[in-house]
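Notes to accompany the following structure.
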Amino acid sequence: MSRITDLQKNLFGGTTSNARQFGMISTLVAIVVLFQIWTDGLTLTSGNLIAVVSQYSYILILAVGMLMVIVAGHIDLSVGSVAAFTGIVVAKAMQEHSLPWPLGILLGLLVGAAIGAWQGFWVAYIGVPAFIVTLAGMMLFRGANQYIGNADTVPVPEGFRKIGAGFLPEVGPDTGYNNLTLLLGLAACAGVVWREWKARQTRREMKADLAPLWVIGVRLAVMVAVIVFATLRFAGGRVGTSLPISGIILIVLVLAYSHYTRNTIGGRHIYAVGGNARAAELSGVKLKRVNFAVMMNMSILAALAGMIFVARSAASGPQDGLSWELDAIAAVFIGGAAVSGGLGTVSGSIVGGLVMALLNNGLQLQGVGSDMVQIIKGLVLLLAVAFDVYNKKQGRFSIIGTLTRPFRRDDPADTAAPPAAASDVDKTKVAG
Amino acid sequence: MTDTAPNLLEMRSITKSFPGVTALAGVSLVVREGEIHAICGENGAGKSTLMKVLSGVHPHGSYTGDIVYQGKKARFDGIRASEQAGIVIIHQELALVPGMSITENLFLGNEPRRRGSIDWKSAQRRALELMEQVGLREDPDTLIKDIGVGKQQLVEIAKAFAKDVKLLILDEPTAALNEADSQHLLDLLRGFRERGITSIMISHKLNEIEAVADTITILRDGRSIESLDVKADGVNEDRIVRGMVGRELDSRFPDRTPDIGEVFFEVRDWTVRHPASDERMVCKGSTFNVRRGEIVGFAGLMGAGRTELAMSLFGRSYGTWLSGRVFKDGKEIRLKTVADAIGHGLAYVSEDRKSIGLNLLDDVKTSMVAAKLSKIARRRVIDPVREHRIAEDYRAGLRIKTPSVDEGVVKLSGGNQQKVVLAKWMFTDPDLLILDEPTRGIDVGAKFEIYGIIQRLVAQGKGVVVISSELPELIGLCDRIYTVFEGAITGEVARADADPEVLMKQMTATKKSPTP
């Protein structure tokens, strides 16, 4: 193995999914650098970063749920309509029936759960393909949104707007920064260091190879630098602005779902179902329950995203959530998930979502029209996935892979199976 | 047909190997014009491979030896080439499109054309002629999925006639057919013989072969053992069986002194219906038991219903359960789901590890713990250290060859993959392991090791059921063997009486033979 691949392995942990993410992170960095230069430094200003988070957090929240749906081997086309429907129901309830806003949020989540149960029922228990169920849902809930709202906009009360347009409050001494954001950044740094230490501990217990200390130092330094930079940017914006509340909701969701998909039995089961449903079933996985759960979870997250969007725009309207599903699905695939299911990570999808968000943002900053934005996003999606497919066929893993030698431990779904496995296929053919 | 009929086909010392296995070692086959030629042999004897060589699936150059067809050396580089020469093979799995009509299927890829579009009128007319030839009376517009398997087979044969067939090859043509349809098919073959069409038939049903074949060639372990002239040699079923199994059992099994306890697992009157067909039963009142420390074998031909029996027991994973009860340690247990089955200490290692045994995206360690994640989790959160340790233990204990337990299972050889699957089910700590074709497609060394693992498991007091199509394996390994034929258990043979001829007879019996 070449030294570069060794380095990759050390810096990125060396597991298969991380190896694929390396390519995605490079793409993200490239996009940031490109736009930073192109916009004369506008991209990484406090104001813009805060705007990006509050404007696009909904794509990222959807991408988290969509990742699980796609890993389980399904798809959800209805998320935009579900978001819009939830938005109008919640807005109406608060506006016309003067429901207090915290109960409004609860109502929204319940609506999401009910819709999710409806769609999950058809997918898991009746066996209608998710594509069809959610295509129907897409029309159904879009229509329902317009039916309830009379195709009109409904404003939402002040308190509710916090979850979409709110920021961390200013507390404590005047440091010139938003203190709570600074604290959050500090906590993040500590968290990163603690996680690294914990991972090393685990590897030691497994008697696995330990990366050299300098590698860990470099990796930690890079991560801490990124966090410190981001913290200062988010904390140093216009007075009254800081890390948006929606950003905090997003971070919590990403951490929770990342943990769930990677470390729990339920998470394993989702991957098992997507990788080989029959094998999973014969291993005691309750197929129907898993399928039901991922579909339901997706609709709940869609409801949440819808509410955040409504809160940000201060009103619910008939055009909310149009083509959100496409952004979310694109984010997941750019983030390295497999169309056939069984592969993909939450963090990869977030990177993919950031690629989409920064593309949107950067092109808008440059005054590129929405026509060109669509074209460019379409091409990026196609090229990102095509590149991955091509690399898989070549037995390489990702962008960097084409520049260096083939990376040995790439994706296990590799089409180029090793000779041992290939000969086995032939052997089974001989039998009988 | 007379003895002076010229040879239509001669295959001379055909040798074909795959990496690690020699499938055919100098096989010769002589087929005379206008005869019905049967090819017999155990599973894995090389019958299918030989036919694939003949039909060009394994193209010229990938094997050694000569094919002489109609007096000329033939070099088929694909199915199209052999079909042009009039050789048509009809596989066990029919190659028909269920949603298309009989006519459309008959001319699929071969559509009669008129000025650029399909000439349906003449297709219809041709279709009726072809159907007449095979005795199929149906509306040619009927969809394939709406006619029975027997008639589908006839469509497949009619399709061969559409291609102007000279040599018709049928691979297990009656395996999926009922008695009446089988009879019709055999009559049809006799009719073809009258008209001078030559047929090669691969079949496990020896009574049918005896009834219809003119010549029988027997293959064993990739070699052609003998060619029998049915009339002249006075061939009967016993004679064929002797040719098929006549080999010495060498010591390919580790030594073991059985220590057998009492019956702890019992199945009574287990009856299961085929998932797609109301009339077909895949298990017909099966009753059997397993003792502690005992290796019980299930012998039967392909499609006899052994896998179906095992899977329907394992949480009703196959077919529709109709009746039957299961007892463990004297108490009746209910196995409605796979989770129930695992909970009651059952484990099923499937026949097809790639398509239903493993998630090929997983690495070695995730595969090993997949069937009982709760054992490595605390409050539903998986402990990676414990997972790793367990995987390392199994890797060492079963001598699994892999660079690390983080390696993708897809990169392992067949034998090592099989060991990973075994580890996966040993990890669930079962009382009864059902192993379906545990050594299929793996080399001799790995086989020996897997036999050793099985013997260690029974030494711990577990019961093991082995389903295998290799009789020597069952005879060498098992304490007791049940024979299965068409969904019914036809006999029970103790280790001392187990002998290939006895088993083969019960496996092919059309009548239930008395249980000893």
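Positions of Cβ are set from backbone N, Cα and C atoms, glycine also.
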A:241-260, A:381-400 - the one TrEMBL records as transmembrane segment: A:241-260
Paired segments the transmembrane segment (A:98-116) and the transmembrane segment (A:292-311) in contact, 3+ CB pairs under 8 A: yes
Same-chain residues at least 6 beyond the ends of the transmembrane segment (A:210-235) whose Cβ lies under 8 Å from its Cβ atoms: 7, 10-11, 44-46, 49-50, 53, 177-179, 181-182, 184-186, 188-189, 192-193, 196, 200, 203-204, 242-243, 247
Proximity of the transmembrane segment (A:58-91) to the transmembrane segment (A:21-38), 3+ C-beta pairs under 8 angstroms: no
Candidate ranges A:241-260, A:292-311, A:331-359 - greatest C-beta contact count to the transmembrane segment (A:21-38) (under 8 angstroms): A:331-359
